[in-house]
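Taking it in order: structure first as structure tokens, then the write-up.
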Amino acid sequence: MQHPVPDYLRGVLESIRHLEHGEVAQYIPELAQADPRPLGAAVATVTGRLHSAGDDRTEFTIQSIAKPFAYAAALADRGVETVDRFVGLNPSGEAFNELSLEAESKRPDNAMINAGALATHQLLVGPYAGRQERIDRVVSLMSTLAGRQLSIDHATFESEMNCADRNLALAHMLRSHGILHDRAEDIVAGYVAQCSVRVTVRDLAVMGACLAAGGVHPLTGERVLGSLVTRQVLSVMSASGMYDAAGEWLTDVGIPAKSGVAGGVMGALPGQVGIGVYSPRLDEHGNSVRGMEFFRRLSEDLNLHLMEADPLGATVVRFVRREDDAVRLHLQGVIRFGGAEAVQAALVEISQERPERVVVSFERVDRVTDVGRRMVQEGIRRLREDGLTVDVEDPDQLF
Ligand SMILES: NC(=O)CC[C@H](N)C(=O)O
């Protein structure tokens with residue numbers, strides 16, 4: 001049989017194809033000439049399966065979708081503290097190309113707007129890195145994440161450099177505040193180069209899946225980014241990834257995402273999937289019109305909203321069985337805070353029966369987080385302190 005997901009994706013694309021409002025980006029000549037018709041989408045799971053439909057092999061420039069990856073690289077290269085000194089964490093509420101600086105620190109509001117991305121680009125590699133080293137760093141990280149060597153579209157690069165007045169103005173202002181150190185021209189060139197990297201929706205989906213998997217590459221299993229770095233990137237993406245539409249986006253769609261003015265949108269839903277979509281016509285915020293509609297549809301059809309959670313706690317306790325001399329507590333699934341609290345409650349109840357022996361079985365458990373382990377250990381410690389015998393069955397040594 002054929003996997004149903006590509007068919008589903010095709011259906012969604014067909015249902016949004018009629019949306020023809022919006023315009024291709026006008027302010028970069030090369031993008032203004034782009035064919036507005038292509039439409040493609042891809043979804044990659046954190047377990048490494050990739051599905052796509054429509055114009056899924058068409059290359060386009062990544063533009064601002066490079067920002068979260070440059071931010072990830074800077075966080076990895078310079079550490080959270082250093083990066084936080086130069087780039088803020090709050091939504092700006094203004095357009096992506098505004099000079100949005102925090103009143104006192106003069107830091108750009110966040111790394112998803114141009115001012116923040118210029119500051120982030122300066123931080124790449126190390127204090128003495130040169131223009132080419134910084135570019136190589138971002139391109140190489142994005143290539144690792146995409147699982148193939150990505151390259152720069154020189155025509156788009158030149159085209160944007162010829163009309164980069166606004167980004168140059170931002171860079172000069174940032175330099176006057178001591179946020180940039182190199183020549184404004186070099187930082188802008190590096191930033192524009194990172195924006196000019198060519199990708200497909202399949203690349204975006206895999207790159208997003210890597211963020212969704214906490215920094216572990218879904219296809220190779222290799223850890224590419226630290227889990228705290230990934231968490232910070234996703235947090236800033238959720239707050240600011242869709243620019244001044246970020247609040248509405250988080251409410252309606254609930255998938256951390258980043259858009260680019262060539263028409264790409266990348267999403268990363270923690271623990272589940274990476275999503276890529278491409279359609280060049282943009283709304284007034286610079287977000288792909290069909291791309292946003294695609295995300296709305298997926299979020300609704302597939303229940304992907306970040307804030308839509310199931311009450312997971314109680315399901316960790318599979319059952320409690322009373323035998324002659326023992327009470328057996330069978331656990332299952334993933335034990336995090338919510339589940340571990342339910343285990344502790346079950347242990348409190350069992351302690352009141354004062355059985356000779358308690359057996360806690362992890363046979364059907366998939367995973368125990370650190371906090372889950374500490375909490376279950378504490379429950380068991382208290383049972384033993386009460387004078388009960390507790391045995392743990394843990395064939396896979398998860399506990
Ligand atoms: N939102 C975007 O994709 C903007 C990227 C573009 N290169 C710029 O700096 O204007």
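Quick reminder: no glycine exception, Cβ is built from N, Cα and C everywhere.
Taken from TrEMBL as is:
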- Ser64, Asn114, Glu160, Asn167, Tyr191, Tyr243, Val261: substrate binding site (BINDING)
Cβ-Cβ neighbours of Val261 (substrate binding site) (radius 10 Å): 24
Other Cβ atoms within 10 Å is the metric here; tell me which of the binding-site residues Tyr191, Tyr243 scores highest. Tyr191
Among Ser64, Asn114, Glu160, Asn167, Tyr191, Tyr243, Val261, which the record lists as binding substrate, how far apart in Å are the two most distant Cα atoms? 20
For Asn167 (substrate binding site), list the number of other Cβ atoms lying within 10 Å of its Cβ atom. 23
Near ligand 1, which of the binding-site residues Tyr191, Tyr243, Val261 are found, taking a Cβ distance under 6 A to any of its atoms? Val261
Nonlocal neighbours by CB distance (under 8 Å) for Glu160 (substrate binding site), same chain, sequence gap 6 or more: Ile28, Glu30, Val192, Cys195, Ser196
Sequence gap of 6 or more, C-beta under 8 Å: which same-chain residues meet both conditions with respect to Ser64 (substrate binding site)? Phe96, Met112, Asn114, Ala117, Cys195, Lys258, Ser259, Gly260, Val261, Gly286
How many other Cβ atoms are found within 10 Å of the Cβ atom of Asn114 (substrate binding site), counting all protein chains shown? 23
